[in-house]
Amino acid sequence: MDWLYTFDLIGCGVFAISGAILAFKRKMDGVGVLVLAAVTAIGGGTIRDLLLDAPVFWLTDANYFYVIFVASFGAVIWINQTQKLPAKSLEFADALGLALFVVMGTEKALSYGVSDITAIIMGMMTGCFGGMLRDVLANRVPMILQKELYAMCCIIGASIYVLALHFIPGIAVALGFSTVFILRLAAIKWHWQIHVFRYKN
Amino acid sequence: MDWLYTFDLIGCGVFAISGAILAFKRKMDGVGVLVLAAVTAIGGGTIRDLLLDAPVFWLTDANYFYVIFVASFGAVIWINQTQKLPAKSLEFADALGLALFVVMGTEKALSYGVSDITAIIMGMMTGCFGGMLRDVLANRVPMILQKELYAMCCIIGASIYVLALHFIPGIAVALGFSTVFILRLAAIKWHWQIHVFRYKN
Amino acid sequence: MDWLYTFDLIGCGVFAISGAILAFKRKMDGVGVLVLAAVTAIGGGTIRDLLLDAPVFWLTDANYFYVIFVASFGAVIWINQTQKLPAKSLEFADALGLALFVVMGTEKALSYGVSDITAIIMGMMTGCFGGMLRDVLANRVPMILQKELYAMCCIIGASIYVLALHFIPGIAVALGFSTVFILRLAAIKWHWQIHVFRYKN
């Protein structure tokens, strides 16, 4: 489907920008920016494909690299011009890319015949593990392990998508997509957290 | 073999608890606990299967996820109730899981026709690399690279298992298993270390 | 080709030594040295093979492990005897190994039928990602993201190799190899950097 592919490339671009921003904070050089941007953008889908033993999606499609290159380049110019990080304005776009990655990742896993629960985990990985690799390379504890329900939005959205496929397949994509998207924006706005541990002082 | 599978799930549960404990120390949220627990429990076997180009073992078996979920949940409740880390009491169980993972990992690699030395390395990876990924995600130097002969117990145990397969296959599993198990407990008790570097002051 | 294989083993040995040196700085034990040496030496090629869905190159060839073992052992003895790090004297050998890994990685990727740009990225990965894994395990921001054009030399060399294959295939290997080698040594000597970000203050 053409528009799915377009959204996928947009998601890649947005994720690449978040990698470039972290590269700026870590004072990386030109290649560091590109590597960190690429890892963020295609890392999650790559891990998914390796685990499914599917052909890695970017092996035969260089468009992903062009998008990553253009997005990183744009981010560098923007940061140099304005000396501001576009973090806030990115959150909307990031939630968009995330929602799409989760639905597409779950869908791809299902098409390889795995069980529902495995597909949900694959959807979460597609959305979250690129950012996890990015944070590991930048030598910090991955954000998805600590903040604002990032991974939980993905798991809930993927679950609803899989459930909907059984009962109302016609609107499953729309339902899964908007669940991730809305939950993510809400989690940012109201600073939702799941504190499972009680710490005494 | 049914009892091997049961032990495998027990090993997963124990490793998941060690992931949850580290998540507590790093003040992670609910998803962080689950991700860190899962990576610790199934990371080593996953890397082994990817390298062997074998189907990843949990792709078609959701039981591993149920075990990880229950073990993490139990660990969270225990930690919140007692405000103590069960680290000491876990060491026995951890050594048990380790010994089993090493023997099963070596066995699986051999069944894919690799050489003895490669199978030994795969056995070590199955036992150790889950904990290595856990430590990388928690942003610390992996324990297996620094302490108490963790990986060395695995290499010796896997080697004895492979050797025994050639000469006394009937007791190879028991021999490999008990080697890892006893060496590991001994290394903890007497703080064995292999210092290869001499540091001047 | 026999001499390519020989060079490959030499490259592995050199990279293994760089892993052992970092293990010394991090005060790791005997197994830590071996694991870090092995990850540095064969990590890049392993990631390449996983992504290409090729059989991992060391699965059926234990020679790589012998080389890693001997090189690490030699490095430990040297460091203990002299209490000096052979960092400077290694740079020449490291550039040699790097140049060879890049050309061989690009060649292997092309033989699996990927596009030119993907092959170039695979060549870069073969040369650089072993060191990146080494740095992640040692809990520091990977050197290739921050310093001295490490990855850029690989990308330029791989590009020239791919270009030459189209027009002057007879000297493509020599051209790609010497590009990486000379660029790398020049980048070290004159401290070349690509600063893409302007920092105020």
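Indices start at 1 and increase along the chain as displayed.
Quick reminder: no glycine exception, Cβ is built from N, Cα and C everywhere.
Whatever TrEMBL says is automated annotation, not expert-curated.
Residues annotated as transmembrane segment in TrEMBL: C:6-24, C:31-51, C:63-80, C:117-137. The domain 'Glycine transporter' annotation in TrEMBL covers C:6-77, C:92-164.
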>> For the domain 'Glycine transporter' (C:6-77), how many residues does DSSP put in helix, in strand and in coil?
In response: 58 helix, 0 strand, 14 coil
> What average pLDDT is reported by the model for the domain 'Glycine transporter' (C:6-77)?
Replying inline: 89
>> Based on DSSP, tally up the residues of the domain 'Glycine transporter' (C:92-164) by helix, strand and coil.
In response: 60 helix, 0 strand, 13 coil
